[in-house]
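**Q** Take a look at this one; I'll ask things after.
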Amino acid sequence: MKERLSINSNLVVLAVLLVVAGLASPYFWTIENIVNLIRVTSLIGIIAVGMNVVIISGGIDLSVGSVVALVGTLAASLATAGYPLGIVVLVPIAAALVAGLVNGSLVALLGFQPFVATLVTMTVFRGSGLVYSAGQPIYADYPAFIAFLARGTFGGVPAPAVLFFAIVLVTWYVMRFRAIGRMIYMVGANEKAAYYGGVSVWRVKLFTYVYCAALAGIAGLILTARMGSGEPGQAGVLYELDAIAAVVIGGTALQGGRGSVWGALVGALVIGVMSNLFNLLGVAPEWQNVSKGAVILAAVIMAGAGPFIGAIFARRASNG
Amino acid sequence: MVNRTNGQSTHLKAVPKGEPAVLLTMAGISKSYPGVKALSDVGLQVRAGEILSLVGENGAGKSTMMKILAGAVKPDAGTISIDGKPVELSDTSVAHRMGISTIYQELMLVPHLSVVENLFLGNLVRNRWGLLDWKDMCARAVEIMRDLGYPGSIDVAIRDLSVAEQQLVEIGKAITRPCRLLIMDEPTAPLNREEVEHFFKIVRKLQKAGTSIIFITHHLNEIFEVCDRVVVLRDGQMVGESDVAHLSESQLVEMMLGRKLSLEKREWDRGVAPDADVVLEVDGLSTEELLKNVSFRLRKGEVLGLAGLMGSGRTEILRNIFGVDKPSAGTIRAEGKRAMFSGPRQALEGGIGLGPEDRKSDGLILSMPIRHNVTLSSLARYAGPLALRRGREVAAVKDLCQRLQVKYSSTEVPVGKLSGGNQQKVILARLLDAKVDIFLLDEPTRGIDVGAKGAIFDLIRQLAANGASVIIVSSVIEELVHVCDRIICLNLGRVTGEQARAQFDMAEIMINVMGGHSEAPQARVGDAR
Ligand SMILES: Nc1ncnc2c1ncn2[C@@H]1O[C@H](COP(=O)(O)OP(=O)(O)OP(=O)(O)O)[C@@H](O)[C@H]1O
Ligand SMILES: [Mg+2]
């Protein structure tokens with residue numbers, strides 16, 4: 001019930017934002033802008049869905065932006081070297097999975113704090129992309145399929161949006177109906193009790209980091225396709241913050257054990273609408289960040305504070 | 001004895017002359033949670049300087065009633081007055097100011113802070129510069145804790161104290177501020193007999209100093225030992241009150257349960273043949289800190305008790321078998337095969353399940369529904385080709401909750417919302433659902449009411465009769481004597497004695513638990529706790 005409540009208050013935030021955006025810019029509700037908005041939101045949304053899974057399990061993944069850059073760089077260089085489509089798609093995705101395995105192993109097997117582990121891999125992954133390309137962007141002439149990922153449409157709906165929605169549905173199904181989803185919630189809510197109850201905690205954690213990295217990899221492919229280049233240094237910078245913000249606006253508790261993929265969807269839309277509106281209004285990038293922070297704070301207070309305060313009271317009054 | 005079953009308890013009579021003054025009156029108190037009426041129209045009087053016991057089955061509403069007095073929960077209806085004047089206990093700080101101190105069912109101390117810091121947390125003493133006056137606080141802490149008979153230093157962190165010592169700190173904390181009414185929700189549940197004795201001394205001392213006390217317990221003998229009066233709740237209604245002096249144990253039980261419960265100890269068919277298969281073999285088990293060369297065998301269909309004080313190694317033995325701790329020496333074999341499990345998952349796959357002692361941190365995922373908690377260890381069984389089979393899960397959980405007499409409104413309620421005793425039953429339900437062959441139960445009856453306790457013992461014997469084996473750890477030796485086929489006594493990590501059912505002897509067990517014949521036994525053996 002609590003979950004549904006917080007989603008509702010996110011929806012209110014989103015609705016208010018949409019109304020304000022429409023009033024502020026006459027251009028906002030044009031087909032062209034909405035399609036563009038959805039395109040941009042899908043990218044952050046796909047990453048936020050993976051981040052949401054990690055955060056529900058009680059972790060965090062700061063390396064998603066670097067995975068986006070690494071995947072783009074690999075794909076661009078493979079495409080430029082003339083490899084067939086399968087290789088151009090699968091090798092970068094495999095690299096993303098390896099990145100997820102590295103994150104997961106550091107956290108689940110070696111016991112590093114998720115924040116520390118993924119802060120380290122954030123620099124390592126970006127660094128390896130830069131080393132691989134000698135620090136230079138790689139311009140690529142992508143095969144049609146990859147270009148379609150970024151620019152194509154299904155009956156007017158942008159391809160990335162379709163992909164995003166498919167990912168939301170799959171994740172919803174996994175988290176809600178599969179045993180692994182159940183265990184992700186249990187581990188996030190009380191890792192020790194889950195362990196005593198026979199849950200293989202390390203496997204669950206490993207799964208969440210690999211899942212998150214895989215989605216970041218897909219986002220990386222979309223981004224590089226859109227830009228027509230692999231940008232080892234520039235792509236995906238600060239994406240982790242947008243993704244985390246989307247998750248938090250979506251009502252997922254950073255301490256884990258609670259949250260839903262629909263929240264992440266709404267959260268991503270809030271972030272997307274905000275960036276879009278700032279661009280329409282021509283707000284300078286530095287002011288964009290400042291005001292984005294303010295709006296995120298407001299959204300978190302509206303969406304997250306209710307349950308949070310409730311939890312404090314529940315704890316105080318709990319008779320265990 | 002007044003016996004009220006029709007909820008007309010609102011209008012308590014004026015106190016006749018000669019009886020002590022009334023300190024506090026609660027009238028017409030009601031409180032509902034979604035799907036549960038926790039309290040309906042309950043009234044209660046506390047007289048100055050009395051020890052009042054509040055009793056009732058698990059989920060009867062005792063803790064809710066006390067949380068209302070503590071200002072932690074708001075009632076839906078009803079009035080509270082102190083010294084005849086109506087008060088509004090809108091917050092815990094208001095209750096504190098009125099002189100009401102509460103020790104909750106779960107200890108609320110901060111583990112990594114010291115004794116003195118915990119004592120004054122939320123009630124810090126400042127000097128005239130507005131700075132914390134640690135000198136004064138330490139001096140007062142030393143005095144308070146000495147009066148409570150606490151032997152240690154006030155600078156030790158709480159997590160390094162035994163539960164009994166922590167309990168003393170809780171009391172100390174309650175009396176750092178002027179306290180007219182002290183509420184204690186199941187304070188004796190984790191204590192052993194000696195600790196309870198000491199605890200009662202302190203309670204009587206507080207009473208002499210004029211403090212009124214409300215004391216909740218599921219150990220009925222404790223009521224007859226220290227309490228003046230008892231108020232009985234059943235299903236959120238006040239069903240009776242009486243002076244303890246005019247009451248027998250069976251009358252009390254009848255009031256609580258609404259039916260007679262034979263207090264005769266049940267005798268079960270005990271089917272363990274002396275030559276039954278050995279299912280678990282522990283050989284020379286030792287750990288760095290505590291256990292020293294512990295060896296024993298467990299047979300098919302046997303119920304084995306581990307008796308010992310806090311820190312005797314009883315919990316450690318279970319943890320080592322279950323694979324959450326690793327022994328430094330020794331071997332464990334299950335069904336003749338080496339069974340040094342690397343963790344709970346492997347142990348459960350090997351047919352061994354543990355019901356841990358600390359239900360809040362190890363046993364349950366409080367924010368998750370009853371259903372998720374019950375099926376946690378057996379989730380694989382409910383996995384269909386596409387999705388978890390929710391219908392099957394719900395049916396299984398309902399069935400188990402009924403067998404264990406869990407009081408709940410829906411299988412989807414978070415376990416943390418159940419009453420303490422009902423949470424304990426959910427842990428048992430999970431083990432049953434995991435269908436293990438060997439049950440390791442650490443304090444399985446802690447906080448469980450008399451009626452349900454009997455049901456749980458019946459269940460344990462029934463499991464044994466069906467070929468399962470059980471190891472039980474309990475602080476209450478009478479319970480072990482009641483239900484076990486064999487008891488092993490532990491002291492400071494060593495086995496100090498072993499008795500089969502035919503030779504059970506409380507005195508002997510107590511002596512062994514205290515360290516054996518070499519040390520002069522201090523234990524007073526006799527009436528049941
Ligand atoms: N926060 C809550 N939300 C929902 N239901 C609650 C909550 N707190 C208590 N209840 C319900 O109210 C009823 C009374 O609970 P309470 O904790 O007062 O029982 P109790 O008499 O203390 O039992 P026990 O002996 O097991 O500690 C129970 O059915 C419980 O499930
Ligand atoms: Mg209680």
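Positions of Cβ are set from backbone N, Cα and C atoms, glycine also.
Got these off TrEMBL a minute ago, pasting:
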TRANSMEM  A:34-55  transmembrane segment
TRANSMEM  A:62-81  transmembrane segment
TRANSMEM  A:87-108  transmembrane segment
TRANSMEM  A:115-134  transmembrane segment
TRANSMEM  A:154-175  transmembrane segment
TRANSMEM  A:206-225  transmembrane segment
TRANSMEM  A:237-254  transmembrane segment
TRANSMEM  A:261-281  transmembrane segment
TRANSMEM  A:293-314  transmembrane segment
**Q** Given the cut-off of 8 Å on Cβ pairs that are 6 or more apart in sequence, determine whether the transmembrane segment (A:62-81) and the transmembrane segment (A:261-281) share at least 3 such pairs.
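**A** They do not touch: fewer than three Cβ pairs between the two stretches lie under 8 Å.
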**Q** Could you tell me whether the transmembrane segment (A:34-55) and the transmembrane segment (A:154-175) are in contact, taking contact to mean 3+ Cβ pairs under 8 Å with a sequence separation of 6 or more?
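**A** The answer is yes, given that the two segments have at least 3 Cβ pairs within the 8 Å cut-off.
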**Q** Sequence-remote contacts (6 or more beyond its ends) of the transmembrane segment (A:115-134), Cβ cut-off under 8 Å?
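**A** Sequence-distant neighbours of the transmembrane segment (A:115-134): 60-63, 65-67, 69-70, 73-74, 77, 99, 102-103, 106-107, 230, 232-233, 240.
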**Q** Which sequence-distant residues neighbour the transmembrane segment (A:261-281)? Criterion: at least 6 residues beyond either end, Cβ under 8 Å.
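**A** Beyond its ends, the transmembrane segment (A:261-281) has Cβ neighbours at 3, 6-7, 10-11, 13-14, 17-18, 20-21, 24-25, 27-28, 33, 36-38, 40-41, 44-45, 48-49, 51-52, 168, 171-172, 175, 242, 245-252, 287-288, 291-292, 295-296, 299.
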